[in-house]
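Q: The following block contains the structure, expressed as structure tokens.
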Amino acid sequence: MGLFTVTKKATTPFEGQKPGTSGLRKKVTVFQQPHYLQNFVQSTFNALPADQVKGATIVVSGDGRYFSKDAVQIITKMAAANGVRRVWVGQNSLMSTPAVSAVIRERIGADGSKATGAFILTASHNPGGPTEDFGIKYNMGNGGPAPESVTDKIFSNTTTISEYLISEDLPDVDISVVGVTSFSGPEGPFDVDVFDSSVNYIKLMKTIFDFEAIKKLLTSPKFTFCYDALHGVAGAYAKHIFVEELGADESSLLNCVPKEDFGGGHPDPNLTYAKELVERMGLGKSSSNVEPPEFGAAADGDADRNMILGKRFFVTPSDSVAIIAANAVQSIPYFASGLKGVARSMPTSAALDVVAKNLNLKFFEVPTGWKFFGNLMDAGMCSICGEESFGTGSDHIREKDGIWAVLAWLSIIAFKNKDNLGGDKLVTVEDIVRQHWATYGRHYYTRYDYENVDAGAAKELMANLVSMQSSLSDVNKLIKEIRSDVSEVVAADEFEYKDPVDGSVSKHQGIRYLFGDGSRLVFRLSGTGSVGATIRVYIEQYEKDSSKTGRDSQEALAPLVDVALKLSKMQEYTGRSAPTVIT
């Protein structure tokens with residue numbers, strides 16, 4: 001048992017350490033500045049109640065991106081100095097964001113300890129590497145992201161910090177080896193517990209899904225499957241779950257070795273960045289003679305996001321959460337007794353609203369940011385939720401969960417084919433989606449992202465959209481000049497949300513233009529990029545007529561896209577003639 005001491009280090013504040021919707025994200029080179037990470041970590045410890053630090057157990061892990069291993073050692077030494085009793089670390093510092101949430105909620109240490117929170121080292125879907133992005137966020141005892149009351153306190157602390165505590169003589173712990181290393185300091189014993197987090201996570205998944213039913217599907221010669229981890233942390237779970245537990249062929253796994261730079265790619269599961277999977281599923285530009293798999297899915301860097309694909313078919317995230325909600329009770333044992341409610345983020349399409357109305361479920365529309373769903377779940381008001389940015393989840397944890405979404409889809413496909421695995425033709429992903437549209441109508445939906453836009457120009461564009469809302473007659477006049485074939489705007493506002501659980505109000509959550517036929521235009525500035533601003537434009541049109549639900553999405557939305565770009569003066573403000581990404 002090694003002895004360590006505590007050192008007080010003098011420091012000065014850094015500007016801009018304000019945690020966004022998912023923590024603090026900056027370039028690696030910013031985090032590598034002396035004292036930068038330490039200031040943020042100490043500001044977090046200082047923002048927490050004393051009993052969540054002194055004598056407490058905290059988790060420190062992440063998606064394995066570049067600088068994670070250094071950060072784990074720094075945070076561990078600071079935890080020891082601040083009186084933390086135990087630090088739990090995923091082997092090789094790898095733990096998906098949903099697995100961290102599960103570990104906080106479910107894991108009990110050998111000595112009966114439970115975690116009170118976690119430092120998660122991730123910048124999610126942002127690229128990794130020496131010149132790319134790093135991030136850190138703090139999750140609370142419920143397994144969910146710190147609420148604004150805590151992140152505001154953290155930020156306030158970063159502006160006044162003058163010293164931090166660190167145990168510099170605490171040796172680095174070998175995080176590649178599972179086991180407990182014990183030390184002793186001024187306040188008593190301190191343990192570092194390195195463990196394989198996939199064990200806890202798989203155990204939890206088995207309480208939710210019928211693994212035998214999914215295994216029958218995955219081992220059926222008729223069903224083919226492909227999972228792409230984009231070299232993110234999902235790779236640390238994929239083989240255990242899909243191959244060892246569910247019987248899929250190992251060749252069905254793509255890019256499932258976690259890498260510090262995600263193999264030089266962009267670990268964002270969408271049609272632009274998951275190129276290899278998109279090609280394999282028959283959605284790429286090159287035409288291949290190889291028959292695509294029946295089902296494909298991808299994850300982002302920290303495995304909380306998912307993309308679902310059928311053979312030559314893309315499932316929008318907005319449709320995905322609606323379809324899971326519509327089929328959950330019959331297909332997923334965890335939901336067999338019914339859903340408590342459903343929720344979506346404001347920019348997500350209203351497909352879930354229609355399901356909720358038809359099934360008589362409680363429904364909530366919340367700002368972007370998973371913590372808003374967490375409040376509803378803690379209050380027992382919501383079972384399934386999702387957002388258009390490829391995040392889907394349920395109340396089994398307090399984060400979105402990419403592998404959960406894949407298992408949910410496999411459960412639905414297995415249920416639809418339970419008497420059909422020996423038949424001529426399987427019910428496919430495309431069949432399930434088209435049947436859903438026939439029942440509930442279709443929400444044609446697209447998102448245009450303009451990344452790394454000049455922040456000043458982005459703010460001006462948004463301010464102009466707000467000022468236009470004061471006269472809808474002028475807006476409608478303008479729209480008719482752009483396109484005469486779109487409905488009238490009947491309401492326009494800046495979305496604000498009053499939390500039904502704690503009464504807190506979140507303002508300025510996105511600009512909305514709502515049309516008489518149920519169509520919507522939404523404009524948001526994103527808080528998850530590390531440089532410049534990202535403008536996101538969400539364009540949605542509802543079609544109830546089942547004979548018109550089979551059109552190409554971009555073609556169906558062309559009039560509204562035209563209106564959105566001209567109404568916002570996108571090119572004029574940003575200088576961009578096209579978006580960076582279209583989803």
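Glycine is treated like the rest: Cβ placed from N, Cα and C.
Feature list, courtesy of Swiss-Prot:
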ACT_SITE  Ser124  active site, phosphoserine intermediate
BINDING   Arg25, Ser124, Asp304, Arg305, Thr368, Glu387, Ser389, Lys400  alpha-D-glucose 1,6-bisphosphate binding site
BINDING   Ser124, Asp300, Asp302, Asp304  Mg(2+) binding site
MOD_RES   Ser124  phosphoserine
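Provide an account of the burial state, proximal residues and distances for the features listed.
A: Classification of Ser124 (active site, phosphoserine intermediate) by DSSP places it in coil, neither helical nor stranded.
Within 10 Å of the Cβ of Ser124 (active site, phosphoserine intermediate) there are 26 other Cβ atoms, across all protein chains.
Under the three-state DSSP scheme, Asp300 (Mg(2+) binding site) falls in the coil class.
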Q: I'm trying to understand the geometry here, so how far is the Cα atom of Asp304 (alpha-D-glucose 1,6-bisphosphate binding site) from the Cα atom of Ser124 (active site, phosphoserine intermediate), in Å to the nearest whole number?
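A: Rounded to a whole number, the Cα-Cα distance is 8 Å.
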Q: Across all chains shown, how many C-beta atoms besides its own are within 10 angstroms of the C-beta of Asp300 (Mg(2+) binding site)?
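A: Asp300 (Mg(2+) binding site): 34 neighbouring Cβ atoms within 10 Å.
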Q: Which one of these binding-site residues, Arg25, Arg305, Lys400, has the sparsest Cβ neighbourhood, judged by other Cβ atoms within 10 angstroms?
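A: Each of the binding-site residues Arg25, Arg305, Lys400 was scored by Cβ atoms within 10 Å; lowest is Arg25.
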Q: Measuring Cα to Cα, how many angstrom lie between Arg305 (alpha-D-glucose 1,6-bisphosphate binding site) and Ser124 (active site, phosphoserine intermediate)?
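A: So the alpha carbons of Arg305 (alpha-D-glucose 1,6-bisphosphate binding site) and Ser124 (active site, phosphoserine intermediate) sit roughly 9 Å from each other.
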Q: Of all the binding-site residues given, Asp302, Asp304, Glu387, which has the fewest Cβ neighbours within 10 Å once its own Cβ is left out?
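A: Comparing Cβ neighbour counts within 10 Å for the binding-site residues Asp302, Asp304, Glu387 gives Glu387.
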